[in-house]
Structures are given as structure tokens and as C-alpha cells.
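Scroll down for the structure; my scribbles are underneath it.
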Amino acid sequence: MALPWYRVHTVVLNDPGRLISVHLMHTALVSGWAGSMALYELAVFDPSDPVLNPMWRQGMFVMPFMARLGVTDSWGGWSITGESVSNPGLWSFEGVALTHIVLSGLLFLASIWHWVYWDLDLFRDPRTLEPALDLPKVFGIHLVLSSLLCFGFGAFHVTGLFGPGIWISDAYGLTGRIQSVAPAWGPEGFNPFNPGGIASHHIAAGTVGILAGVFHLNVRPPQRLYRALRMGNIETVLSSSIAAVFFASFVVSGTMWYGAASTPIELFGPTRYQWDSGYFQQEIEKRVEESLSNGLSLPEAWSNIPDKLAFYDYIGNNPAKGGLFRAGPMNKGDGIAEAWLGHPVFQDKEGHELIVRRMPAFFENFPIILVDKDGIIRADIPFRRAESKYSIEQVGVTCSFYGGKLNNQSFKDASTVKKYARKAQFGEVFEFDRTILDSDGVFRSSPRGWFTFGHANFALLFFFGHLWHGSRTLFRDVFAGIGAEVTEQVEFGVFQKVGDKTTKKQGYV
């Protein structure tokens, strides 16, 4: 009998041995992909400038996940923090990649073994010798094992008790490094930006899960509940597993897009809301004001701003600026950042200090408008053929730079002033090399954007998959043709009485 493509998985529905086999093969493929992808990323990754050319600008996808768990060094002698290292050993990018590839091979062999030796005594009821799985017991075993892993991660890996710790940084993504974390047991542990919550929540969830697993190993479900939720049917397992996966996928889509301690901006890039709210702009202005109050001059104050902080305050690093159909890393869009040119300050001939109104995230084009401190428009770059009374030439706008490569330089030429006004619309002004990667000048999204897009979409698909398989398992008797009038316990695929005249039915008067 030929099966259509969407029905092929029925061949493992009542075959536990081969069901294990295909799951082992799937895990082998995932592990092999992860290891191979890591090696590919290492082959194309340029570690030379961790400030202006970090991994998220280069479109690295699996490297940030390794880095946040404590893998920062390479056999090539470099570290993502910019230091040189020697003999990092197995706990390195290459070591983890090769470990995954070796694991993939072992899982592949295990899959073949289970496909060949599919009819194990383990899958038969010892009393009746009929094929049977004790699914509530299997659930208890899996819950205990996964909870032990969860508890161990929180209690040992994250805390540094037996492990490296995790990636910890300040609120502005400047001082990131691997360090151990103390669990946060108070209300502060519920702050998604508090890394202490990662440790405490894994310890708590692991503890609860271990207790729940022991419970399910020792306590049988009530018969009514067992039948109501079809606990003897493997499709119930599929349905509830899909529910767990899509829920987790929605959660991580949120923590990635909105930001959290588990998705640091140094590894995944800033969030769109940090551009929308002027998050980095406010911090830069605050630091400049503090420097000025300490007696420094304007050029000195701006020179104290780290390039890393200034680079975050640039619209090209906003993950919402990249279209979903623009493939490639951020560097393929605006180019490889080479230097911060400095902070441009504009002034008209009347002495008003002007700032360029910044482009909102969802605009592809936005008028170049220069406003004073009161928000009054003083100058602009008019559209072609438009009447102009605020043009750069008429208003006599000049541009001075503080900090960066052009520190303390001024420009009066109208074409140069216009050039920097256009750049200032995008935040802090940077110099990019677009020749190395043949960059096309069209913004791309960061790994933060791609991760969110992928997981939100798959979560939606899996949500419908949960409904589909849940309804199939709950209403299997109806779909199989066993009517409500049938009083004898019949199960499709077990008895041959479905539709049989001898099957007892409820009589009608």
C-alpha cells in the first residue's frame, strides 16, 4: 500500500523500536547540523575586530549560543572578547563542534541498531506478551532525566560550582564576559534581565520536575483520566510533546525579540526597542554631560565614549531594519564598519545648535530635518523641485565633529554638510567598507531577527500540529467509525469488531 507524503509517519505509530530509531536519526541530523554549521561559521568568521565587527554583524547563528554558555575561545588562538589564547582544549568552538559531529555519528549507529533490532522484549507486556508501552511510566522516566539535566545546569554550570558560568554583561553591552552567577531567590529573580534568575529558575524547575517524575513513576493515573486523555495512545504523546515545543518556541521568540539576560546584545545584537526608545542615545548624552560637569571640553567628553556604545546607537544594527527576504549578514548590507567618525553637531548662521531628526525603524526613506533644542525646524534637505526656504545653503548650516576619527574637525561646504546630515539620520556616524563583501547598501537583519522570525513561525505551525494530533487522538473512535451507540469497548486496530454486526449497541425504542 502506497502512502501519501503526509501519512508516512504511520509506519512507526505502533512500532516502538522503529519509533526510537527515527528519533535517534533525527537527533543525529540535528547534532550533525549543529557541529557542521559551527565549523562553517568558524571558517568564515573574522575575529579581528570584536567591537565594530562582532559575530552578530557577520551573521553568525550558532556561535552566539555557544558563547553565552561559556565557549569563547578558538583553536586558532583567538577569543571573541579580543584576547589571544593558547590551548583552549575541548571547551572551545572547534571542540564543541567536533563533539557534536562525533555524537551525531554515534546516534546514527544507534538508530541503525534500533531499526534492525526493533522487536525487543522491553516493548512487550510481560504478563500477556502483547506489544505494549507503559506511557505514563515512560513519561516519568523522561521527566526525571530532563529535570536532572535542568537542575544540574542551574546548580553547577551557571553558578560556576562545576562549570564556566554564563555570559554576563552590563545594561549597555560593553563589559561582557563569562562569569559565575549566584541564584536570585527573591522577587528580583523574576526580572528577565537579571541573570541570577536563570540559575534559580533552573534549580527550582529541576527540583519540581524531579519530584513530579518520581510521582509519575510511583502513582498510576486514575482509569477515568487514563481513558479520557487516551494515555495509552502514542499520538497523545506526540500531541502533548508538540504543545511543549510550541510553547517553548513562543517564549524564546519573546525573550530574543524583546531582549533578556539569556540573549545578550553583545552576542545577538541590540533589540529594535533600544533604537525606538533612544536607549543608547540617552546613555551617551548622560555620559557626555557627566564629563562636561567634571570640567572636560566637548571634544574630550565625546572622545571618552566607547566605540562599542556608539555603534549600538546606529540604525543599521536595528534587527527590524532588515527585510525578511534580504538574505545574508548585516555586513552584506551597509558594509563592514571600520571607524566611528564622531558625533556631528550642526549649527546655523544664527548660532542655533541643530540636531538631525532620526529615522523611525519602519521607514525606508525619511526627510532630512534639522531641529533646534525646542524642536523647531530650522533647516532641511528639500525634495527635488520643492520650494525651499530651509535648505542647508540658505540657512548656512555648518557641521562639527566631536570624538571619533574626525574629532574637532568642522565642515562648511554645503555638499559635505548634507552628506553628514544624511548619515546623522541613522544615529552615530560610521565609516563602512562596502567593497570587501560587495555590500549593496540595503540593511539586513541580525541573528536576533532571524531567530525570532523562525521560532515564531514554527511555533504557529506547531500550535496547529498540536490541535491536529490532539483532536485525532481524542476523537479517534469517531474518526474510525465507532459510533456513540456502541456500548462494547472497541478500539480501532486492536479488535476486528469495528462495524461488525455482533458488536453490542445501544438499542432505540
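Glycine is no exception: its Cβ is also placed from the backbone N, Cα and C atoms.
In Swiss-Prot, the transmembrane segment annotation falls on 457-472 of the listed ranges 361-376, 457-472. Sequence-distant contacts of the transmembrane segment (457-472), counting only residues of its own chain at least 6 positions beyond either end whose CB sits under 8 Å from a CB of the stretch, comprise 235, 238-240, 242-243, 245-247, 249-250, 253, 479.
Same-chain residues lying 6+ beyond the ends of the transmembrane segment (101-115) with a Cβ under 8 Å from its Cβ atoms: 17-18, 20-22, 24-25, 27-29, 31-32, 35-36, 39.
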